[in-house]
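> The feature (6S)-NADPHX binding site is assigned by TrEMBL to 62-66, 130-136, Asp159, Ala261, Gly332, His382, Asp449. Positions annotated as K(+) binding site by TrEMBL: Asn63, Asp126, Ser162. Residues annotated as AMP binding site in TrEMBL: Lys419, Gly420, Gly421, Asp422, Thr423, Gly448. Taken from TrEMBL, the feature domain 'YjeF N-terminal' applies to 14-216. Annotation source TrEMBL lists domain 'YjeF C-terminal' at 226-510. For 1-21, the entry in TrEMBL reads region 'Disordered'.
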Amino acid sequence: MNDGSARLYTSSEMSRADGNAQELGIPGGVLMERAGAGMAREILARFGGERPNVLVLAGGGNNGGDGFVIARELHRAGHEVRVAATKRDLSGDPKVNLDAVLNLGVPVHDPESLKELLEGTDLIVDALLGTGFSGEVREREAALIRTLNDAGAATVSVDIPSGVDGSTGEVHGEAVRADLTLCAHAVKVGCAVSPGKDHAGEVVTVGIGLPEEAERDIEPALVLTDARSLRGSIPRLSGESHKYSAGAVLVLAGSRTVTGASVLSVEGAQRAGCGIVFLAVPESVAPALDLRLTEALIYGLPEDGEGHPAPEALEVVLEKAGRASAVVAGPGIGIGDAQRRLLEGLLRLVELPVLLDADALTNLAGTDAVARRSAPTVLTPHAGELGRLLGVGAGEVTAHRLRSATEAAERNGCTVLLKGGDTLVAQGGRPTSVNTSGTVALATAGTGDVLSGVIGALLSRGMDPYEAARAGAWAHGRAAGLWLDATGWPAESLIATDLLDWLPRAIGELL
Ligand SMILES: NC(=O)C1=CN([C@@H]2O[C@H](COP(=O)(O)OP(=O)(O)OC[C@H]3O[C@@H](n4cnc5c(N)ncnc54)[C@H](O)[C@@H]3O)[C@@H](O)[C@H]2O)[C@@H](O)CC1
Ligand SMILES: [K+]
């Protein structure tokens, strides 16, 4: 299903589009010419004024072919251009374009001299490996990538930073660190999903004149989450709305020692536009939170002597859930058997959409409580929490973000939002969505609690869980972006509470 979101391309989708174009009578050489010429124009527009000395590192495939076209065009524009080619014995379009470079007298060197060549280089064009690469980089290419990265010159990657898997963003071994990546036709998945995203620098697409007919039968596996694709997806209040029909969220957050998480989750939900929020917290902290949260209804949960929920807490939670249209559970509840039993009861007995975050995820790791539900469940883990759900380490999730998020969504039959600079939303049967509004400013305590409330509110307003997770992630990141723009303060200074002031405007951009 494509709902108008900007699509991302995997390597196999790109080669299908390429094959379709050829069937339509558009030869591959034409696409290569347009890609290389368009990329050269972009390079000239950005760097041409400084008249840089350019080195093009070209591999033996079509990515290298694009590189030869770029070399030819930059030479034609009067720049000092040298090429290092890993292979001379080429065929097809790459050969045609290498021959043109040689005929024009552009020096073509063996890559063994790359280090010396780089000494007089201001600008590197990395056309070593493109979407035809996957797996681990062979040692010869890995050494070239290390040399490029050590050179410290401005680097433009062709289509994908060499060494990044174009379909997943995974990096096994070496990968080029680019300042700018120019993608032919559409952004490749590897430029949008970390760690590939962190290698790509700025990402710009270059049109290659692919007709719509060439991609009509290709269902995207991944899409970008941007404002355009979300606009109109959040239900509005109507004349007959009252506070319950506007969305009622039950938040189960906070504990005797952690109360800030409940405040942030409740206020995130309120700012995301639900009609009413009920907060269930251990009874010893209920009075303090009642004073702090003017508009929310606070309910004390029976607790044991250590501040853990007593078995009767489930009855209170179920009763309050009876008046809600969505539940948010987890921030700051702490880890323990009492919390796990409470969550298992909630998931078994409540038919509402439930969002599970933070400690709820850790408490439920290794259980089948989510998989057994038929009502919608949204999980919002960071890499460590997702690792616990999957029974692997955080490092394993960080290295395989896409695979980890989709696997967890499939195993549990739910929606998984994996937090990060490239927040991913995975759900079976829907294209995995990559958020575009993230900023490093969000890397601070409590922002996740705000997000849980925002998505909970969108669920309570009747949004489908996949759309609620996408819209929540986008608005949350956008709120941070608006704060940065408005204050001009350093990203490091944002505190989670700052997001609350900007969420309404961020959400307003989606209406
Ligand atoms: N529609 C399309 O598909 C278009 C593709 N174009 C370009 O073509 C590229 C894809 O070209 P190809 O499919 O020929 O593939 P690539 O050029 O990306 O990769 C093939 C080369 O990589 C080497 N290689 C593969 N695995 C390796 C490994 N593990 N370690 C070291 N080297 C390895 C191969 O020996 C071969 O030389 C795109 O990234 C893009 O730059 C553009 O020309 C425009 C149109
Ligand atoms: K490349």
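Keep in mind that glycine also has a Cβ here, set from the backbone N, Cα and C atoms.
Automated prediction, rather than curation, is the source of TrEMBL annotations.
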> Measuring Cα to Cα, tell me the gap between Asp422 (AMP binding site) and Asn63 (K(+) binding site) in whole angstrom.
25
> Among the binding-site residues listed here, Asp126, Asp159, Asp422, whose Cβ has the fewest other Cβ atoms inside 10 Å?
Asp422
> Listed binding-site residues: Asp126, His382, Gly420. Which have a CB under 6 angstroms from an atom of ligand 2?
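By the Cβ criterion, which requires under 6 Å to ligand 2, the hits are Asp126.
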> Identify, in sequence order, the residues in the chain of Thr423 (AMP binding site) that are 6 or more apart from it along the sequence and have a CB within less than 8 Å of its CB; answer 'none' if there are none.
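Once residues fewer than 6 apart are set aside, Thr423 (AMP binding site) is near Leu417, Val434, Asn435, Gly438, Ala473, Gly477.
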> Using a 6 Å cut-off on Cβ distance, which of the binding-site residues Asn63, Asp159, Gly421 come close to any atom of ligand 1?
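Those binding-site residues that pass the cut-off, since their Cβ is under 6 Å from ligand 1, are Asn63, Asp159.
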> Of His382, Lys419, the binding-site residues given in the record, which has the fewest other CB atoms within 10 A of its CB?
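Ranked by other Cβ atoms within 10 Å, the binding-site residues His382, Lys419 bottom out at His382.
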> Please report the Cα separation of Ser134 ((6S)-NADPHX binding site) and Lys419 (AMP binding site) in Å, rounded to an integer.
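Approximately 25 Å lies between the Cα of Ser134 ((6S)-NADPHX binding site) and that of Lys419 (AMP binding site).
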> Near Gly448 (AMP binding site), meaning Cα within 10 Å, which of Asn62, Asp159, Ser162, His382 (binding-site residues)?
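Near Gly448 (AMP binding site) by Cα: His382.
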> Between the binding-site residues Asn63, Asp126, Asp159, Ser162, His382, which lies closest to Gly420 (AMP binding site), Cα to Cα?
His382
> What binding-site residues among Asn63, Asp126, Lys419, Gly421 are found with a C-alpha within 10 angstroms of that of Asp159 ((6S)-NADPHX binding site)?
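So the list is Asn63, Asp126.
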> Would you list, in sequence order, the residues of this chain other than Asn63, Asp126, Ser162 that have their CB within 8 A of the centroid of the site's CB atoms, where the site is the one recorded for K(+)?
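So the extra residues in range turn out to be Leu57, Gly59, Gly64, Gly67, Ala127, Leu128, Leu129, Gly130, Ser157, Val158, Asp159, Ile160, Pro161, Val176.
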> For the binding-site residues Asn62, Ser134, work out the Cβ neighbour count at 10 Å and name the residue with the minimum.
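Lowest Cβ count within 10 Å among the binding-site residues (Asn62, Ser134) is Ser134.
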